[in-house]
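Below is one structure, written out as structure tokens; the observations come after it.
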């Protein structure tokens, strides 16, 4: 950070100043002094020159108003920036509040206590309250509109300072004896502040200043110190809050008169005077510190006595009240940057994390060097394309040894493998810290605080030489051939050191290196030219000087930081202006300046002519000047001079261009080519069209990629336009709009350019799925774009369109996958069947499991049935029927479900027979093939219940329903016969229901013997509770006390019904056994009905298939 005096304003009649305050928001400067002097000034930049921006722009007084009202010396001035009020007080205790009205300041309020003098006034952070302290200990807190909020007399205390906390909850009162007391905002005493900076201090001291930064612009970092307290003896402490037990302690070493934070709380300025041994009188000085007590620099100020200082709102200027003058100083801050390795268009290439704090950074073509105070780290980041073979060889050798190394500043590396990546070195301290570094491709220079400069070789880091300078370097810079070092010290003095010159010192010893005699003061930036070791530019205050062989050219007025010096042009950037609004930088803040030789050459060419200019450039050769001459000669079609100049600046493309121009016959054609060379394309096109060479105009626009103009030229020209070129132009314009995501515009051009691929993409991005479908329909079969379009449809869930597209390009497998992905299983199975795909089984299994997960069992059954997987369908159907039976659903519904299950099993039997019949066709009889089918089916089937007794469930519920129907219709005898069949189905119908029904039927039929057996069975069932069994016993007792448990009439069929081995078939219509030879058998379920009974039925009573 550098500081220099820039302006001085004298107060009329040599009236001495006492105080000064700069309004941070509106820029007004108020200064007060003896004899009631009070002035309000305002500095404003007024310039028409676009290049004069920032600190370099001349500033004049736009306001200079003297405010009348005080008779005694004005001692205290404070601004209320929120309400645009100025509060002042004089030695008589008179307080005046001033307000701005129509561009001038007027009295708004006056207050005079007449008892004591005001020592300090302070507005709180939001401008709502003011605290005024008087010397006699009186404290008054008032509101912005002039009302008194509270007042207090602190007895026996002399007050001299006051400060509010940022949240307006705390007040600090500074006493005349140097103590600081902490009060709350209602005037209640809390505690005395501990002043660590006054430990071991003797004698009388007084407070020079208290400034509490309110955080209005944020803090430098979290928990940053913001309360500065300084005493007249130079001792200072910077605290995080009023109770900070570990404040930052600073000894400024001078007699302090005033302190103030800048607008962001990042720099504390301390003004005062210090004794210099070599001089009799004290020297005025302003010292600058960070919130953490680091010294940033000092500014010497002329004059006898400095009384006050105040920062400008932007933090780039400071105002100082000295005697009867106001001095202004400019501040050149060090802007902090993040280090990221990027290419020329700003793309980050290679991040690197290091464990040292990179206080200083330098970069060459192959290395990045970062240094802390104790150590420096080197990183070889890449091999540049333009390096020589020798350089590449050196770099690759060092790469094998390690691309990253770290060295301690006290080490003496020899260039071998001693620079390993050991961060322990960085932790070791040093008595002589690093203060600056610079590097070129061959040399690394490290400056230390003692003035020692260490020179290392690169890329293999070896300590070559140590030099001793008599200053502490702040900025170091090597010229392009590493022969000369520029040093800017912390005082802003620029000196130069020749690194390789051998000279004899005062003792007669031969030493390497010599300090040159050139010295410049108030320098804050410099840059060597990249292509000339004797050329450099430097910033001195607000002037830029260019030096050639240590001789300066006339200065240029600017305040920019120099970022590049090459080809006799200096690129400068106004960082101050950019960082006022860093999110929206302006190109105008980057400025280019030409050195005198370039300006003179241009003037000679324009005013005198090419020949004289050629002679001047011959005497002052530089590739940039030859290029300037070549371009001027080209414009005048002086091809010989142009060629010579291109040769001198080694521009091979330029030489080839001149040769090509020489081969052209037409003068107008030559002119058009030259105009094109200089980038004046509109003019060149117009010239081509005037020559009736539309093809050349189109060719020019093609090279430029200006497809809009190409299309325009193709359409406006006479004759047929080239169709392929027209198509290319339409597609290129479509690409232009597509790149900017203007899909609607892109579609129009892609349609004309017949670019189906990009058209599909545009339709997809626009979600114009109808357009996409039409495009898919218009494409021929097996077109390469169809799979892509199908995938687009699949991504948006349009299954049918996706399938059609996949089928059109002969990809049924992808079509099936698409259906599966979109859960369109029916479609998937249908496609798999129609295209005879082998994986239909696994597909069905996946779909069925998907349906079962969602409890859609009947859908899964239907799926299997449609796909002719009858056995799987039957298994699921049996499960459904069993589940329904357990739920005690209506018996008819359960019967139907069992019938459906059995029918599916019958279809499965038929399928197996047919499959086997197909296998053995032509070998044996039909009976053999059917038998083989059954054998295979038996081998495959694992669940005998399903295949062998498929109808058992249906039979059980059929007889269960039939018995109850017969009972209710009054056919008690047949009902009993039917109910007796149910004894065989205890595994399907709960036993309690079977024997309850049997007992009921037997009772109705007066077959009490059978009824008794049924009751015995019921009472022995484990599934019944004791209470239920008791109820059955009670009922049985009631019945059998009245009736003997014997069947009244012995049924002739009883023996048969209880039969065993030779059990007769049962009629499913009546439940009676069939003892006749005439009966009917169902073709589907293979069950029997009595011949006389079947005539009453059109459908089988069990399976409901039609009766033939």
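Including glycine, each Cβ sits where the backbone N, Cα and C put it.
Quantities reported herein were computed from a predicted structural model and do not represent experimental measurements.
When pLDDT values are averaged over the domain 'IFT121/TULP4 N-terminal' (1-332), the model yields 91. Residues annotated as domain 'IFT121/TULP4 N-terminal' in TrEMBL: 1-332.
What TrEMBL records for 67-98 is repeat 'WD'. Across the range of the repeat 'WD' (67-98), the DSSP-based residue counts are 0 helix, 18 strand, 14 coil.
The domain 'IFT121 second beta-propeller' annotation in TrEMBL covers 335-594.
The domain 'IFT80/172/WDR35 TPR' annotation in TrEMBL covers 625-715.
What TrEMBL records for 948-1047 is domain 'IFT121-like TPR repeats'.
As annotated by TrEMBL, domain 'IFT121-like zinc finger' applies to 1065-1107. In terms of DSSP helix, strand and coil, the domain 'IFT121-like zinc finger' (1065-1107) has 4 helix, 11 strand, 28 coil.
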Which residue counts does DSSP yield for the domain 'IFT80/172/WDR35 TPR' (625-715) in the helix, strand and coil classes, in that order?
-> 73 helix, 0 strand, 18 coil
Apart from its near flanks, which chain residues at least 6 from the ends of the repeat 'WD' (67-98) lie with a Cβ under 8 angstroms of it?
-> 18-21, 23-26, 28, 30-40, 105-123, 126-127, 130, 132, 134, 144, 146
Which residues of the same chain, at least 6 past either end of the domain 'IFT121-like zinc finger' (1065-1107), have a Cβ under 8 Å from a Cβ in it?
-> 899, 902-903, 906, 951, 954-955, 958-959, 962-963, 966, 974, 977-978, 981, 1053, 1056-1057
DSSP composition of the domain 'IFT121-like TPR repeats' (948-1047), residue counts helix/strand/coil, works out to 74 helix, 2 strand, 24 coil
